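Taken straight from Swiss-Prot:
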- 126, 166, 172, 173, 205, 207, 212, 238, 239, 240, 281, 295: ATP binding site (BINDING)
- 130-324: domain 'ATP-grasp' (DOMAIN)
- 281, 295: Mn(2+) 1 binding site (BINDING)
- 281, 295: Mg(2+) 1 binding site (BINDING)
- 295, 297: Mn(2+) 2 binding site (BINDING)
- 295, 297: Mg(2+) 2 binding site (BINDING)
């Protein structure tokens, strides 16, 4: 990689739901990492309200639209040796694909770093993805890419309802949803086709209610692979990972099954030839006997930012250095200053991420959570136990709550309201679970209604039980002082 002296980095453009400050964080790290290695860095981003567009972040900053015609003019002027698109989220990958399709990369002899064109296409084209996974015997859901409503209806009737509708080349589940019948499918597919840049939606077999896990994987040019972080979505499949409460390290997966997912993740990143960071999502059935590979993001993702902050392992920085030819054993860990980046981080604490929804500002928006993102931010908290981290995260949300219960701001839900929210989750579900437990609902009933693992419901029950215990002690102290 000695021939690479000048690299162009794509930002992610305007802040939208599903693509926000996480990519500014990643892009800033990448620019600093490239400059550390003496690489002349050119940043292209249309959003001036970012850290990465500060003048000291890159050698040259272009505040221009992330459009192939504009970017070609910048390429013609700057003549970069390579482009790093994997720090710009879905926008960066889509732009790299379009530059390739227009022949601009070949015309100027530009190398693509991090992920190659075939890998990007496999990750985004569901049929290519299914074929790639079949080549290495990794299970995926039954799916089909369709370009019309009629095709969608035909395939849904073949595999049975419900089905998941996912527009191709979009972020945050935009335009997608869960169709339980033909009418819903027609409605969601019609909208989804408009959102997709290639007018294509993916009809997926439903794995609603299965557990969802994510692994952040790193690989270098010498084929060294490590798992940086394992994350568990508390909410089941059917709720977008950006809408779910997430905990790290993984809490409910037996080690034997975790090793299965770990081996699968390493097999996938090797097969796709990704050099740098990669996020892989798995669905696991409740009995923990089967899994499906749901998605591969061949780029730094929203989850990568969480994994970086949870572990202290700077994924974007190291991915940028790998992209220009460094190997994991050549890069020092920023935290220890001694061990190489090829050592997998281990956590002796619990990290909880909770999304922040803007429903206080948009009062007429449907609050139900599903496969499309509605949250506009998130908080992360660290504790020695799940209970501690959860309570800290709730307090950090800036919604006026000091915990899930017992702060004097609990709503008084009826049993009917509780059952409805447990079945059809909204942003209030975590508080409703606590209220149900306080009212004497059994753990088993809540598990049945929510599909959330019993482990997490019992952890929330510990908080509720502590509240009751403290109330008893308060009464006893009053008697003693009387």
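Any Cβ shown, glycine's included, is placed from N, Cα and C.
Taking the binding-site residues 281, 297 in turn, the residue surrounded by the fewest other Cβ atoms inside 10 Å of its Cβ turns out to be 281. A simple Cβ count within 10 Å picks out one of the binding-site residues 205, 212, 295 as the most packed, and that one is 212. Residue 126 (ATP binding site) falls within a helical segment according to DSSP. Residue 126 (ATP binding site) has a Cβ environment of 23 other Cβ atoms inside 10 Å. Long-range Cβ proximity for residue 239 (ATP binding site), meaning a same-chain Cβ under 8 A and a gap of 6 or more residues, is found for 233, 369, 370, 371, 425. Between the alpha carbons (Cα) of residue 212 (ATP binding site) and residue 297 (Mn(2+) 2 binding site) lies a span of roughly 15 Å.
In this structure, residue 212 (ATP binding site) is part of a beta strand by DSSP. Here residue 295 (Mn(2+) 1 binding site) is compared against the binding-site residues 126, 205, 281, and the shortest C-alpha distance is to 281.
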